[in-house]
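Colleague: My structure is below; once you've seen it, I'll send some questions.
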Amino acid sequence: MGKEKTHINLVVIGHVDAGKSTTTGHLIYKLGGIDARTIAKFEADAKEMGKSSFKYAWVLDKLKAERERGITIDIALWKFSTAKFEYTVIDAPGHRDFIKNMITGTSQADVALLVIDGNNFEAGIAEGGSTKEHALLAYTLGVKQLAVGINKMDDVKDKDGGPWAQGRYNEVVDYLGPELMKIGFKKKDKGDKKKGDKKEKKDKKDKGEKKYVCSATFVPISGWTGDNMLEKSTNMPWYTGPTLFEVLDAMKPPKRPTEDPLRLPLQDVYKIGGIGTVPVGRVETGILKAGMQVTFEPAGKAAVEVKSVEMHHTSVPQAIPGDNVGFNVKLTVKDIKRGDVCGDTKNDPPIPTECFLANVIIQDHKNIRNGYTPVLDCHTAHIACKFASILSKKDKRGKQTHDVSDDTEWATKDDAEPRNNRMNIAAKTGESVNVWLQPTKAMVVEAYSMYSPLGRFAVRDMKKTVAVGVIQCVQPRNMAKGATEELPIRGESDAVSKYIKFRPLPLKAGKKAKK
């Protein structure tokens, strides 16, 4: 028996109509993930509906509504293998109306493929476009390795009117590279002088010298014809870099926190005939095994036995971080739902959150103040959370401009009651704040230092991402009936002792999640 390949989850993101599903479907087909007969059937069905170019996209677009509209609404899972890895593909929607599903898919990914329409690149970066927002969300949700497929190269035009144009490819790369670096997709430029080099400080005036380069790998492709997907394209001899397949095979295997307690955010819950209730999701930390006792929060279900664990319709003895699995439990489909978190009942089980302290960077908003209540997307949860108490603010240059602890009148008080935040700090695009956030419905989040996949989030409002954040510490909710005692704060942060007195007043003790 050969060594089992490492599992990697790949999310395919990008603006609507960039060709994500076609590119992914063609790649899966080329790698033997689907047979020619099925592709021929898809082609016949597509022609009948007047959409003959959709045959590869339909490998993933399984819902009838998606086929008729020609856009991906749900997230679809498929798999293929490279020399080193076993890939699970998550094809995420590009349409703005379905960004919630895109976030759910991206929260489960290790690496991302950003598909760009080389022929109509401007639509994805214009106001209302999804290209940069998808890249930002991917990075915020923990995806640090990115491949960029400049798609539809068979259809682009250069100045002379021919397809496969190098000029257009360069134009897209020159614009997108710096934008991705601003988001965080960057690495040290190997061409820079190393620390300690005698020539390092030779020219102090040249402060514009690049010290970082974009860490994303760009590949010109055609999802329709298959150029540069597995084999080098004869249509683009000017491109000497790796194929898309080679880029995916060169990804670094993600670190898997198997030693940590179990955390598995639920993506969906199904009722399967002859089996029963099957929650599905990605193991973020720890190990899930058949026979273990698990807890679901904020559903309030504890000591539930895991009957069996399946991955890609095959029974497995256990699932480790990164695995997308379904597992059978003796509950009804109404007992648990998407956004609930599964953990080991006997080892630090998840606890619903009363409020949490976070550092939030404002991406696109003119005036955020106390009381603002947008939707937060954290792991698979999609819950409105109130900016209960903005505590401090830094400007675009990182200089601190406001801090509630500077209120000298409060500084002299030592009462134990939560204190009112009287500063009413306002924040706008480019600024960052420390803030106590309070969910309007029961949810589970964790401090980034303890469970990083459950400790980062995106803030969405008006159909766009307005901010991203990292959770510093969490005040768990005491779910015991009639409880008055506060549970210990989870997570460590220098800001905790400074700002703990400004926590929002707790919700009613023992309050269950709203269904």
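Every residue gets a Cβ built from N, Cα and C, even glycine.
Keep in mind that this is a model prediction, so the values were computed, not measured.
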Colleague: Look up region 'G3' in Swiss-Prot and report which of 91-94, 335-338, 427-430 it refers to.
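Modeller: Based on what Swiss-Prot states, region 'G3' spans 91-94.
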Colleague: Ranges 14-21, 62-69, 230-237, 366-373: which does Swiss-Prot label region 'G1'?
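Modeller: The range carrying the region 'G1' annotation in Swiss-Prot is 14-21.
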Colleague: If you look at how Swiss-Prot annotates this chain, which of 151-154, 239-242, 511-514 comes out as region 'G4'?
Modeller: 151-154
Colleague: Pick from 70-74, 100-104, 390-394: which range has region 'G2' per Swiss-Prot?
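Modeller: Of 70-74, 100-104, 390-394, Swiss-Prot gives region 'G2' for 70-74.
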Colleague: Provide the number of Cβ atoms within 10 Å of the Cβ of ASP17 (GTP binding site), excluding the reference atom itself.
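Modeller: The answer is 17.
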Colleague: Let me know the most crowded of the recorded positions, choosing from LYS20, LYS79, LYS441 and counting other Cβ atoms within 10 Å.
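Modeller: Ranked by Cβ atoms within 10 Å, first place goes to LYS20.
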Colleague: Between GLY14 (GTP binding site) and LYS79 (N6,N6,N6-trimethyllysine), what is the CA-CA distance rounded to a whole number of Å?
Modeller: 20
Colleague: What Cα-Cα separation, expressed in whole Å, is found between LYS79 (N6,N6,N6-trimethyllysine) and LYS20 (GTP binding site)?
Modeller: 15
Colleague: Using only C-alpha positions, which one of ASP17, LYS20, MET153 is spatially nearest LYS334 (N6,N6,N6-trimethyllysine)? These are the binding-site residues in the record.
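Modeller: That would be LYS20, nearest by Cα distance.
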Colleague: Would you kindly give the Cα-Cα distance separating LYS441 (N6,N6,N6-trimethyllysine) and LYS289 (N6-methyllysine), rounded to the nearest Å?
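Modeller: Distance between the two Cα atoms comes out at 30 Å.
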Colleague: 10 Å Cβ neighbour count around MET153 (GTP binding site)?
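Modeller: There are 28 such Cβ atoms around MET153 (GTP binding site).
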